[in-house]
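Q: Before anything else, here's the structure in question.
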Amino acid sequence: MNGGRHLPEAHAGFSVVCCSSPPSHPLITEGERGIETLVRHRTHSCCFFQVRLAIAEKGLHCVEYDVSLPLSEHNEPWFMRLNPTGEVPVLVHDDNVICDPIQIMDYLEQNFNDEAIPKLVPEEGSTYYLRVQHYRELLDSLQMDAYTHGCILHPEITVDSHIPAYAATCIRTQIGNTQTELKKLAEQNPELKDAYVAKQRRLKSKLFDHDNMKYLKKLLDELESVMDQVETELQRRVEETPEEGQPSWLCGDFFSMADVSLAVTLHRLKFLGLSRRFWGNGNRVNVETYYERVVERPAFRRVLGHVNNILISAVLPVAFRVARKNAPVIVGTTLLISILGGATYLAFLYMKKRLTAFS
């Protein structure tokens, strides 16, 4: 239940709270495959992309609200009231507010189960069910935040990374700024002080661990073992369906929640510049073949097609958001597009200001 937590005012339709300007109340439009609200942030959150890919694979419709991480909107009081951890994604459906990504995907599977909607989890108790759950748990236990921050802070461990060269300096500065910002927000919002202080402590601990090369090396060595298991499982699928034209996925001849986890994991590793280590140059050929196939799925292309392009997935959305916040009301799409160049520059100036304000 939502416990009185509300979203800011929204457009009509189904919605998923991702992270954007807050609506004042949840949407109530209903439909055969409709979800009410999903909150996310339009940055590179693996948890969000898992939820969004599951929604797309099931063919569900939702309305999304973007919360911008670069603009620190996930720390705003309205969002902290919605989810005291200040993390995305968040699903709002009827009176239910669900903040844990695994619980969100299980909720979707349990509550949107008409015959026309694809099932991503087999019947409980079956061999396939146990297999899917095993790989979901295995893949979802991976420390994706640590890989991401570690590769940003230590680019020397990557090859062909999609991360801009300036990112290491930016992330260090932004984390420092966020610590200061959380402290200020705790003072301004005493009813949320405990939530802000807890988030500040988690952030500090996380940065300490993720900047530790010894810790990062240990995690990457453990990831090697996980990828070995995945490679072996995919080889079993090859042996089960040797005929060409009989595609199979991680746990069988069906696409499952385990594939959702694996697809997002591999795409993140590609973005970070770790693909050559884990499946390149003839290493783990089944994983490589799997990745080449999964990126061609229509749902994957819709949800993750441009994610590894920083300009399209991060810079331009922030530019539009900054323009919307700082400019007068603009009427007409043509006029909005015409100021894109200026908006992008404005976003650059805004982010530069945020990153240098406390340096």
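Backbone N, Cα and C define each Cβ position, glycine as well.
According to TrEMBL, the coiled coil annotation covers 175-240. Residues or ranges marked as domain 'GST N-terminal' in TrEMBL: 35-116. Residues or ranges marked as domain 'GST C-terminal' by TrEMBL: 145-329. For 329-351, the entry in TrEMBL reads transmembrane segment.
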Q: Counting by DSSP, what is the helix, strand and coil composition of the domain 'GST N-terminal' (35-116)?
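A: Across the domain 'GST N-terminal' (35-116), the residues distribute as 33 helix, 19 strand, 30 coil.
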Q: On the 0 to 100 pLDDT scale, where does the domain 'GST N-terminal' (35-116) sit on average?
A: 84
